[in-house]
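As written in TrEMBL, here are the features:
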DOMAIN    33-423  domain 'Major facilitator superfamily (MFS) profile'
TRANSMEM  39-62  transmembrane segment
TRANSMEM  74-93  transmembrane segment
TRANSMEM  105-127  transmembrane segment
TRANSMEM  158-179  transmembrane segment
TRANSMEM  191-211  transmembrane segment
TRANSMEM  249-274  transmembrane segment
TRANSMEM  281-300  transmembrane segment
TRANSMEM  312-329  transmembrane segment
TRANSMEM  336-354  transmembrane segment
TRANSMEM  391-417  transmembrane segment
Amino acid sequence: MNEGASSGGEKQELKFKRAILQDQNKPENMIQRQQVIRLTYLITAMDLTCLFMQIGIIPYLAKSLGLDSVGFGYLQTTFGVLQLLGGPIFGRFADQCGTRAALTLSYLSGSAFFLLLSISTSIPLLFLSRIPSVFMHGLPGAQMVITDLTTPAERADALGKLGLCFGIGVIIGSSLGGTLSTKFGMYFPSYLAVVASLINAMIVMTCIPAHTKPKSEGQATQQRTSQSSVFSLKEILRLLKLPGVKEVFLIKVLSGLPTGLFLIMFSIISINFFGLEAAQTGYLMSYFGVLQMVVQGLIIGRLTSHFTERTLIMLSVLAFSGVGLAMALMTSVFHYCIIALPMVFALCTMGIITDSILTKSVPPSDTGAMLGICASVPPLTRTVGPTLGGILYKMFGVSAFGYLQMVVNISLFLYIFKNRVPQNEEKAQ
């Protein structure tokens, strides 16, 4: 009975994949989907630039309003919790209503977020400005578009190129935000971000197809829409129970958690441990952004054409283990600049390959929901990070992050080596 059900599910998934390939291989569709993908990269770069313009300014704005370090921690936690709750819901909304509606919702929420930030003249208003962030998921939305418009073989490389957008956002957004706030006032970058977000929303409404999934997928999605709600926790848990999904998702979460804790505490570590000034810390973050652009945009695509996904996951875990040992022994910022190379490689490779595996492990009609669940991983780290990271740093120092990283990833390597994870070993491209 179970074998029959499994066979039927496999046939249905194969039918979906054939529909994708037949639809995308038409010449006119190939040209159109490439145009949509390029446009998606453009609006994603704009969206991330707006976001990073604010990230560098918010600490100074919070301080000018009288918010102390503890209060600022609560502000960051509020943002993390809202993003954590909104990610899976946003993914389900994209599957049921289409990526055009989802991206429009994201950019309109971004406009509301920046607008409220631009009038935040008190601490309550500053906290109120965080509320629209529950639906601000421009990057996951872009991943959903690219996942729908690429074949499984192209997916990892296409998702990796979003790293270029992220790097552009980090470098241009961070520097532009500081320059504009110095010349025109603290709130000017927010005004600019409101306008840019509204432009993005208009581009999406006029240039992005209402539904990017093939017709057969759209019909399956419509049937499921009538059976379940966007807010259905049962549907989200159903995806995690599919074969091979839970194992890969846990590897995704656990492998990068220690590094995530370290990066959350980096602003404090850069002052107390490395002795850096604010400007020097900014240069270091830009360096991190450039590395991410190079790795995701240029390296991962080539690796996926030569190695299987399982090999790349094991390589990432090994790199994380080596990074952990190096972090435990580092004593200067020069050491950190060297360690950043394998750290960024491991973070980017693990993130992209696990996203690719997970979207191929669920029915094509549920890829948006799966990417929404994946998008909740960074907010989860930001939510628990300040508390866990603070305890680790206060009790054991910087080396604690390194030793934790090494122990966790050596354990994961042994688990992956012993078990067949992912279940279907194939080249990423």
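Start at 1 and count along the chain as shown; that gives each residue its number.
Glycine residues also receive a Cβ, built from the backbone N, Cα and C atoms like all the rest.
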The transmembrane segment (105-127) vs the transmembrane segment (191-211): 3 or more CB pairs under 8 Å: yes
- prompt: Counting Cβ pairs under 8 Å to the transmembrane segment (39-62), which of 158-179, 281-300, 336-354 comes out on top?
  reply: 158-179
Contact ranking winner - 158-179, 191-211, 281-300, 312-329, 391-417 against the transmembrane segment (336-354), Cβ under 8 Å: 312-329
- prompt: Under 8 Å, at least three CB pairs between the transmembrane segment (312-329) and the transmembrane segment (391-417) (pairs 6 or more apart)?
  reply: yes
Message: Please identify the stretch among 191-211, 249-274, 281-300, 391-417 with the greatest number of Cβ pairs below 8 Å relative to the transmembrane segment (158-179).
response: 281-300
Query: What else in the chain is close to the transmembrane segment (281-300), if you only count residues 6 or more beyond its ends and a Cβ gap under 8 Å?
result: 56, 156-157, 160-164, 166-168, 170-171, 174-175, 178, 266-267, 270-271, 333, 336-337, 340-341, 344-345, 347-349, 352
Query: Residues sitting near the transmembrane segment (191-211): Cβ under 8 Å, six or more positions beyond its termini, same chain?
result: 36, 39-40, 43, 46-47, 49-51, 53-54, 98-101, 103-104, 107-108, 110-111, 114-115, 118, 138, 145, 180, 218
